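Feature annotations, courtesy of TrEMBL:
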- 23-196: domain 'Nephrocystin 3-like N-terminal' (DOMAIN)
- 596-625: repeat 'ANK' (REPEAT)
- 695-727: repeat 'ANK' (REPEAT)
- 751-783: repeat 'ANK' (REPEAT)
- 784-816: repeat 'ANK' (REPEAT)
- 817-840: repeat 'ANK' (REPEAT)
- 1049-1081: repeat 'ANK' (REPEAT)
Amino acid sequence: MSPHSIFNDYDTRKQDISKVSKETCDWLLETPEFEQWRDRSNLTESNGVFWLKGKPGSGKSTMMRHISHQLQKSHDSVLLEHFFNARGSGLEKTFLGLLRSLVFQLLNEIPEFCPTFILIYRKKNLNLGQWEWRQSELCNFLQSKLKSYERELTILVDALDECSFDEITSVVSFLEDLGLDAVQAKTNLRICLSSRPYPNVSMKKNLELTLDGNAKHDNDIKKYVETKLNTKIPNIRKIEKGILQKANGVFLWVVLVVEMINTAVDRGRVEEIQKTLDDIPSDLDDFFERVIFNGPEKNPETLLMFQLVLFSKKQLTPAELVFAVVARFHEGYLKPKSQFEMNDDMLEARIVDSSKGLIEVSRTEYSSRVQFIHQTVTDFFLRNRRLERHYPKLEPDAIAASHDRLRASCLNYIEKFPIDSQSHKDQSARELKAEYPFLEYSAMYLLDHAEAALQGHQFGIKNDGWLLSPDQFQTWKRILFAIEKPEYLHGDLNTGLIYILVLHEFHNLFEVALRGSDVDINTQGGIFNNALQLAVKKRDEISPKMLIEFGANVHINGGYFGTVLQAALALENYSLVSTIIEKGTDLNATGGVFGTVLQAAAARGNLQVLKSLLERSAEVNVDGGIYGSVLHAAIGSQKVEIFQQLLHAGADVNSHGGIYGSALDLDKISDKGPTMFDLNQPFFVALAVGTICLENGPAIVWAARSLENDQVKLLLENGADVNAASGPWKTDVHKVHQIDNVRGMSLKYELGMTALIWAARRGMRDMIELLMEHGADIEAHSSSGETALLAGSEAGHKEIVKFLIDRGANLSAKDSFGQTALYKAAANGHVDIMRLLLKHEDFHDTHFCSDHDVITCTNIKTIIVNGGISSVWSGKYNEFGMNHSIQCLVMNGGFLYAGPKMKNCGVYIEKLEINGGICYFDMEDLLELRIGRLEVNGGSFHLKLGDWSGHKIGSLELNNGHLSINAARGSMEFGSVIFLGGSFNCKSHKTPYVVQQVMLGSTLSDSSKSRCIADPVSGLPDIYMKRSDGQIKEYGTIQPGGQNIRMSIAPSPLYVAAQNGHLQAVQLLLESEANFDKESPVMNPLHVARQRGYNRIVGLLKDVGQERDEKKKEIRSTR
């Protein structure tokens, strides 16, 4: 887990704080308040909280840095600290930023807290797709851990007043709760914080120290003046005295005045020192007024720099600030940065000069950024309408006018950028942004500033004068693609302006643009195809109505939802549904995520709307969409009346569909499309869902898996096939692509499932009886060989297992891994089920061992798949470090799944050729995957890799079809890559490393030009393989629901019980005379129990083994 997922810049503000001058600040450590806090000697009055207060600029942060330095000298204490920074990034000035900062440091300081936090992280990452940390979960984590931590721990929080104003009370309350929890739990927690005096923010109990009027603090100021003031000054003592008399305890004022006087001395103007001191106001605001507005020089850059630092949407780098100003005040095309020959020191010098010393450059290990020298400078500009008073052109609203000026600066930069210059076409996004520092900001925040200007009622752009001309609009969009920010446009250069305004929720610009005469509101482009469909997705009540009022076309087909009506149904905007239906839209239009509007209505479970659609002749048996059929969509609604209505309307009871394992959560659809490389289409939609199952199952199967007993009953009463089984997922390559490219997705491969198997797995006794009454086959098995008895045994449903046994279920049945019901119960520690099986008179598994051939799965010469459904290397508990090699694997059709669940091993394929069908490799547990040559001529190949980084494809050639590689937690290395056609998506933790070459070309028109090196042998079935010893293993044609080909090693129930730490299961098997003489040397129960640290199981196995050895010796001696 990357630490950046918590808080990257948590200590940036601390690095900006001035170091303590010699012999200052030590007095604080000797005050009674600090000593009581440090020694925790007055907990009843303080709850372990020390609060340092002082007026703006008094030096509180410097004091806090000194306290931090002193606390770090103790090696027996843990220190967590956060320095709020109102001039910094979003997290530096928010409550959430404080929490993320504290959690990040806590995990670094106390590693034993990591496992708990990692579980939280993984759960969010798996289930939520795109997500952010929430305050509540981080608060709960910190509170639970800190009140149980017994060692000494200190939390230091500086500049509480620089936290977002509406969150200050929440921060204080949280810290107060931590202190109270620590006292009650008798843990050793101390909290130190600083802020300006806030009359309305307080704690019931704390130790407080105020700097204002403190004689020792004033003495620190005196020491600073004596140390820093230029000694060449005549009458220096008089000058020192004058500074101290006017300081009023404000350290910042002293620092600025001393610097000003020293500058006068350096310039040889000694005679002006006394007059300068006399003229300088003692009030900090008046001081800024004099410095900024009363100087003799009028630099035109100054105001724009102030506006950029005050109102930019993110903190700017020195180069961004300077080159924004340069572009604004210089005519002609932009020159690249390299032609200016300005190094970092020159940039900083220009910033300091133009800003009169009030803007500084803050540097960290990772970056540099500009900011005002102190928060009081920001406060000065924004109080008392100073900008309007000194810059009349900013009347009546300086903030809105400033945003309008920044909008104009962004547009000016975009217009001056030579987008059509040949020299830029070969530059990468990184090179473009380096040579034109303000380009990315201009493109990304142009509309933000326009929106802010309108929000402030800036009448200068209240009309549509701000709108980009067609040429400007196209240039702006091309720049966004050039700097690799296509997601801003939903990945499509055809996206219209209204669509973009809706996407980014620029409500003011949206309203003005609608009233403009030259804006096409029906432009098609983006994930949702048009602005109206997107507005519905945004759940905005006003925008869709306005769009329709201004002429939006409700009949357009395309986009994520296919039609606006489907979108309105999916998002349950029923008032809009009525409006659209009244306009006569086509109710049987196909396409979109739900396929038809009827499926969308069924999925949402609105009976009234469903009846209305059926009455208006909506067709009930149209296939398509994520559910496949309208009955599958209705299963997700969990409403029987919807089901009844559809069956009454003639829905096909044996329809197939249902590719998702659970109902789709439309709120998780990503508004930011994936980044991918595709030679056929510019963009694909990403769906953020939790689990996708490659099953094309009948309605009765999906009703059973969804625990819908009433729906199962209705289907059976209407003639559904009780033994119907799920088959392969039938779809095109691009649909596979869309589903494969989902972050945090779990892809399941489980075919041939019947309603009875699902009912057994789910523990539905009533449903099982209902299915059996209608003739369900008790021995029906899935593609993995799972029967109802095996499913119930694995899930731990004792009553279900007993019922099935009483009905004659085969106790010796094995799945494709060679696993029996006893094995599955032992693997999961279901001892009651194990007893039930072992005591039954029909149970005859005396050795409790599998009989699979190890050789067939490790050394294969050729595999050719021509059709059907098949899988290889799919053992569930295999982790014995054996490598697998195939000289040649050819896919001509069908579906092939490969998922070796073996750690510390590798798979080596000399040649892999995909000519058709779908091939899915789930290699997450592999240490190493090496493919000598991968050639994709058609069909679809999907490769999913795990954490390791030793994966390599020597030569990749993509001629047609689709290739998807997901190495999101590891990396993939390519020797050479040739793209001639098709689509390719590669997601890698590190940038995919191409060693030799990348070649792009045009799509091959004739796929027969590619030569298949292993042609199908006449007379052989769908799948066959040739071993390296020359033996050909033949398999018959595999029908949907038939048992798949699985080559794996299945250990014994005793081994898996020992492996998973189930002591009672091990005891029961040993009492039943489980024979581990027949165990494989590499699958020894004693070995795996010792390896996993299950000491009680190790002792038990040793005792039984020793006892059996003695019996054997006794038997031999009697002979």
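Placed from the backbone N, Cα and C atoms, the Cβ positions cover glycine too.
Here the repeat 'ANK' (695-727) has long-range neighbours at 628-629, 631-632, 634-636, 638, 640, 643-644, 647, 653-659, 748, 750-756, 758-759, 762, 764, 766-767, 770-771, 774-777, 780, 782, 869, 1040-1041, meaning same-chain residues at least 6 beyond its ends whose C-beta is under 8 angstroms from one of its own.
Residue counts for the repeat 'ANK' (695-727) under DSSP, helix first, then strand, then coil, are 16 helix, 5 strand, 12 coil.
A Cβ distance under 8 Å defines the sequence-distant neighbours of the repeat 'ANK' (596-625), meaning residues of its chain 6+ beyond its ends; these are 561, 563, 565-566, 569-570, 572, 574, 577, 581, 587-590, 631, 633-634, 636-639, 641-642, 645-646, 649-652, 655, 657, 663-664. Taken as a whole, the repeat 'ANK' (751-783) shows an average pLDDT of 93 in this prediction.
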